Amino acid sequence: MSRTLSMRRRQRLEMYYKKVPSVFTVTSNQEESTLQLVNNKPVVIEPFRSSVVPLGVYLRCLPGYACMLLANTYRNVTFHPGLIDPTYMGELKLICNNRTDAYVVVPAGRLKVTVLAFTFLSPILTGPSVLSPPQYTDDAGYDLCLDQLVMVLPLKAFTFQLALTCPIQSKNFTPVVLGRSGLAAKGLSITPCKWKGDVLRLSMFNHTSETIILPEGSRLCQVVFMHNDHLPTIKPRILAAFLFQHRLMDMPFCQSRVSFIDIQKDPCTSTSTLFQDSTGNSISDATRGSKGLGSSGI
């Protein structure tokens, strides 16, 4: 037994999670490279507003790694691709939006959730920049703020163009634009995209029945510098669909080869260490802790 565990620890880096009772059940095996869940009870998605569904999972990422929270079910329900920052200690929550004007009931077994790990770069910003550094220590996302007021009409798609070049250029890392969980929880979704060239084109959708106003200077989205290995370029797209199981909206996505381990089933680690840093100290106020939804907070 001890020899098997020793061999396991030499094979891959490990991410520990804790599962508490919820309407979701973990379906992936111990040490798999993805954490997968499925609903064990019906989930109701309301129209004209976002539904925030707790998953009953607490996850501790490794230093230098963050995670993506992806989900899929019926086509008339969309999900916010959630960025789980390394120091986020709160319960993972899924933000759902309904494309119809009626309640959607997702029966048990039809809402599938996947958590994937990836590596990212935390560049140092020198001088004035269109990006703001992460709010909390070790966060992955850099904030992009509006230089003008923006209004998104109810139940409408809106495309917003910014004549901006990404201030950080890297051969090995790609700037990826993600929506903020705070806005997603209010009903405004942003389609993930790569930031290329000198124009940033953002696609948004207001799922609510009211106009959403974004004041000048407010945080619109976040930029994460993902390693190129996670974003393979495969053409044609139909081939990419066969080669890669996971997608970040339209982009094929490859996860890091880590092992997700249920800390309550692992004899090597105590549950008391899940919310401590590597020195054994409790998480400080400078880190995210349980603030927000694991992304930019609400």
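Note: Cβ is positioned from N, Cα and C throughout, glycine not excepted.
The following features are taken from Swiss-Prot:
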BINDING   Arg180, Ser181, Gly182  substrate binding site
With every protein chain in view, what's the tally of Cβ atoms within 10 Å of the Cβ of Arg180 (substrate binding site), excluding that atom itself?
26
Mind telling me which of the binding-site residues Ser181, Gly182 has the densest Cβ neighbourhood, counting other Cβ atoms within 10 Å?
Ser181
